[in-house]
């Protein structure tokens, strides 16, 4: 086939094509080097590369700024809302911070714990975890409520039992002549009311701590109805009683419960045993008196009890 032989005869052409092919194939690999080596090629090759790098950096910065619109703060040990609001310059202070993160924190702003993420940019947090249980006036919280806000491992589930008739103290033994009783038998007051400290969300102690060993019988300070009995996050196992005079008595860190939500109690009746559940440094009773079931409505518990004729 003469025609075919003619095309294949000049070997120099095939060698030339091989060099051209090799040069073409290697251009993609050698292109940056050629651009850097040639005086005239340096400008067109390196300039776009820098432009791409600059554009990439700009894009990353913009992405970072866009992602940084929602500022969050992770709660650390010793934090409380007032402290966080001040350190993060939250407009409106701790109340605004609490309002923006109410779904995350729950009904009680004192129940924050290490690891909790809070929105600190003035925007309400979304995708909040399950709220912890808290006392409510309209509906009693069941025993064994949610433990999502607990900063520690959960203890044995609280068991609510109907109080036996023998739980009530004999007349005159615990209750005063006015019908009110001390929450503990002869326990001394440890941490007093409104003592300042960084371990509390409000910046101060909202109740009083009675120094008693685990298993001490705790008494209803007055007649009323149990509105909450169960787990309450940092408060551990708690009992909240709506007293007949409209005030609310809270017992926290209990080792076990002797009453259940909805149950009526009399002054001096056992409501549980003291312990160290929840955020607690040791066995004691944290006791509060509130004007409503909501956090922040606390009054001096000792003054309240003394006004009822209870000797402390």
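Each residue, glycine too, has its Cβ placed from N, Cα and C.
Segment annotation: TrEMBL labels region 'Disordered' over residues 38-69 (candidates 38-69, 70-101). Along the domain 'LysM' (71-120), the predicted structure has mean pLDDT 81.
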